[in-house]
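I have placed the structure first, in the form of structure tokens, so that the comments after it can refer back to it.
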């Protein structure tokens, strides 16, 4: 266990060494959220609410969705692809830890760094600039905290799955990009899922993506309260468990047919 | 001449490497299409809930998006330099580039080409024609010419901005995560900039002039004559920003001292 905590710590410190460029990052994220703010205001165009969200709730939703993204987002799929392509993975596999576990912990170290040095200060700046609604309810904050941890796991598991496919496809930059685009759309980062037409919502209910962005953001904006929030968390937890299966299966097959392409 | 023959040699080489991983090439083209579809879905879903965006109709917004895709596709094919810092500065690849008798920026562009992104231009044109026909836009003989000029202007705007960001690496010795985020900002040029407040509109017009990649030139074809002045500024802004970026690049290369080992 200690070695995994050490992984988190090392990755955190690594990120800390490069922290300066995160300050510009906060600025750019703020502009990004600001532009969304105006876009959504134009979309609302005087309407008091759309699909149960008021304009202020919508701004909060967008801001929280992007700031939460800084926490759950990581590039471990790309890192895995490079390590597999360069043959470094062979060395990783004989080391005394689980490779996938280690990657997850590195992602977590990155996420914790971004949460404290990026999301929190970014959120403060954005909240000063644009009208937003923060809940005073401790339960909402508690649910939100659990929810973004679960988002992290779902997103990371999907990244691990994409990373593992490098063993079979040898070169999967296209797949990695496709996955990112799909997650942005289906997770509710760009648009709350409740805005989609009914048939699309029905379809998306059976996918793990909404657990990444939609559920935590809805909890934070009080779009989900009480039993709805608990249901959301349950759904996320179920997906975390389900996703373990394909990862383990693919991992076992992958290790058997490992081809080192050089290095 | 030498540069042109160099270009085609790189293209030939590129084809060979790409066809080696055929499955990935197909997935990559598919992922580009998906990306374009996602933005279109955003517009369609949004217009399920509203009639007009500050006086702009659904089809006008779709038209602007279609236009935007064309310069964006050209930009992504030839200015794929978002990992410039990691690849060329941190790993020291720039040393290799600088020993060769072609301009360093041109060579990096050749090395990082992603020609499959050109499919985006096809989608863009299709989207434009779809929206244009629904709006009943008329095509005059000058339109194709102006279209080419505006598209090139837009590509130069994009290229100028991203080359300048890449140049940061020459001065600040840090990994930059700015580039991927800048892609998000670039998207705002696709929406009518009059929906934003003045600060953002100013930024999108004069500082990070992404509005010249989408809405300003498209406004010309949509017959929004109040913005014609901006439309015709597109190639000027493109040339100014790109020249500036090449100048900064040359200065940066002079400063470059190579990575550790």
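Positions of Cβ are set from backbone N, Cα and C atoms, glycine also.
Because the structure is a prediction, the values reported are computed rather than measured.
These features come from TrEMBL:
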TRANSMEM  A:21-40  transmembrane segment
TRANSMEM  A:52-72  transmembrane segment
TRANSMEM  A:112-130  transmembrane segment
TRANSMEM  A:142-169  transmembrane segment
TRANSMEM  A:181-200  transmembrane segment
TRANSMEM  A:233-254  transmembrane segment
Subject >> Contacting positions for the transmembrane segment (A:52-72) when only residues 6+ beyond its ends and CB under 8 Å are counted >> reply: 29, 32-33, 36-37, 40-41, 44, 111-112, 114-115, 118-119, 122-123, 126-127, 130-134, 148, 151-152, 155-156, 188-189, 192, 194, 212-213, 216-218, 220-223
Original post:
Looking only at residues six or more beyond either end of the transmembrane segment (A:21-40), which have a C-beta under 8 A from one in the stretch?
Top reply: 55, 58-59, 62-63, 66-67, 70, 114, 117-118, 121-122, 125-126, 129-130
Subject >> When counting Cβ pairs under 8 Å to the transmembrane segment (A:142-169), the leader among A:112-130, A:181-200, A:233-254 >> reply: A:233-254
